[in-house]
Amino acid sequence: MLFSELVEYFERLEKTTSRIEMTDILVSLFHKTPSETIDKVVYLTLGVVYPEYVGLELGIADKLALRALKQVTNITDKQLSEYMAKLGDLGLVAETVITKKEQMTLFSEPLTVEKVYSLFEKIAKTTGEGSIDLKIQILAGLLAQASPKEAKHILRIVTGKMRLGVADMTILDALAILYGGSKDVREHFERAYNISSDIGLVAKVAATEGLEGIKKFKISIGKPIRPMLAERLASADEILEKLDGKGMAEYKYDGERMQIHKSNDKIIIYSRRQENITHQYPDVVEEVKKQIKAKETILECETVAIDVNTGEMLPFQELMHRKRKKEIEKAIEEYPVNMFFFDVLYIDGEDFTVKPLLERRHALESILQESEMTRLSKAILVGDKETLERFFEEAVAAGCEGVMVKAVGKESIYRAGARGWLWIKYKRDYKSEMIDTVDLVIVGGFYGRGKRSGRYGALLLAVYDKTRDTFQTVCKVGSGFTDEDLEKFHQMLESLKLSHKHARVESIMEADVWFEPKIVIEVIGAEITQSPVHTCARDKIKKDTGLAIRFPRYTGRLRTDKKPEDATTAEEIIEMYNRQLKKITEAEKVSV
Ligand code: AMP
């Protein structure tokens, strides 16, 4: 397939913000793409070369990309930086400075998608000494053969700034329409994606084996399964009512969620957002080899740092020591961990995600040998409010955040990638007057004044709306930031700046600066109020009105473990709002 054809589609996608239109364009693109190339086309459309869990990025800094560009044009450094200042986008600079006559006639064969992709792979895989120069050489060679428009997209991809606004879900829609006949069969495509985290592979199976292949799609060791997520409720009564009177309550540990893949002695650990974090936990790897009896299995646990002196669980933040490459050995000594296993998704060829919870729990118990470091999550069956309340208090006293209460009926399968009422979290802070903490996505910024000049004085934050697949604003937050935080956010957000509001952001408020929705932070507020200026749950409670968080404050916790799509949802805010109303009415009743 010619790369120029793909680029034409990129240009069309770039011009629209409508999800329906994007879907149509993708259907037509996939229709045109040969099945052996479709995975590559999908990755490139998302601006990557591999699924995220592979952890291989092109990782070319703007400065290096400029060096490659310089090699293939007659342009001076000064001119290049002037263009950069004027256009603010490397892609546009490349499009401007590469003119047709500068394409080397020697390689006048047109670029194909396969060729571009294989050179991108080469760039991603080049490591070690001298790799930077080599990467630049490969990139320059590619640019020498590219048309101005091709160069624009090549540079955007290699610098990680593709940003066509195409979401994974839109790609699944297009695949369902093309290979399944309509969006109605999307759930099969979604399941395939949820149990593999590899949208390129899903596209490939769809293109080669059709809907039947997608329906037969299987879990495989090494491909992370997207985690099942929990809903939240504020009281034991509500929880038991929702679960028809009974459930399994487990301690809710405050650590790092791990999905551990074991194939004999080969162990891979994935984080909640499917990053490969195996290298951070050599101690966990050794322990799993010893304590887990199945040959091939996929397990989930929450890993918590432990105080070496007291044996007590430490706050989540202490796991940060594992993130620094040079300090891992020291961290293993100073901050050892305990793993609390709570689920098993696959054992020796058998898919356990389709089995009810208690069956999974029994299987987990049968393959896991407990030790000081390897534990089963503490769990009991509950059927009454008093027992649940007591267990909750016990969990909190043990240093947990609260409890997870899970459905135990026939329906209680592991729903990969889904948030639902089969798992309900019940956290300590619901008991206070303050609303629970929420995890919000930074979508915009406001310039600071006075002490904060030169930085952002406030940030515009958004929730995720699953049905619309957009981010809707819910508050503007300015408090809770230390000076270091302000500096850190200013730097982190620099590379996410956009010249316009992102296609997936819904906002009435005009920010000074717009960002690509990527960073999730934890915020706590006093209450939820109706708001004419925020778009969260707009028109859901009242026409032309949304919901907002009043008196929001940054808690100091950056949720690097959450993707923007894992942020608190608009539905959750509605739930919280309704609960708050209920509380107020109850209080009024009491005071009458
Ligand atoms: P939250 O991050 O507040 O949405 O809460 C859900 C998270 O709780 C999961 O992603 C796990 O990391 C964590 N967790 C702790 N203990 C358990 C448990 N027993 N079962 C399931 N998840 C747990």
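Heads up, the Cβ atoms here are built off N, Cα and C, so glycines get one too.
Record features, source TrEMBL:
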type: BINDING; residues: Glu250, Arg257, Arg272, Glu302, Phe342, Arg419, Lys425; note: ATP binding site
type: ACT_SITE; residues: Lys252; note: active site, N6-AMP-lysine intermediate
type: DOMAIN; residues: 330-465; note: domain 'ATP-dependent DNA ligase family profile'
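When other Cβ atoms within 10 Å of the Cβ of the residue listed as 'active site, N6-AMP-lysine intermediate' are tallied across all protein chains shown, the result is 23.
Secondary structure of the domain 'ATP-dependent DNA ligase family profile' (330-465), assigned with DSSP and counted as helix (H, G, I), strand (E, B) and coil, comes to 36 helix, 55 strand, 45 coil. Per-residue pLDDT, averaged over the domain 'ATP-dependent DNA ligase family profile' (330-465), rounds to 91. The two recorded residues, Glu302 (ATP binding site) and Lys252 (active site, N6-AMP-lysine intermediate), have Cα atoms 9 Å apart. Summary for the binding-site residues Arg257, Arg272, Arg419, Lys425: the Cβ-based neighbour count within 10 Å is maximal at Arg272. A distance of 10 Å separates the Cα atom of Phe342 (ATP binding site) from that of the residue listed as 'active site, N6-AMP-lysine intermediate'.
In the three-state DSSP scheme, Arg257 (ATP binding site) is classed as strand. Of the recorded residues, Lys252 (active site, N6-AMP-lysine intermediate) and Lys425 (ATP binding site) place their C-alpha atoms 8 Å from one another.
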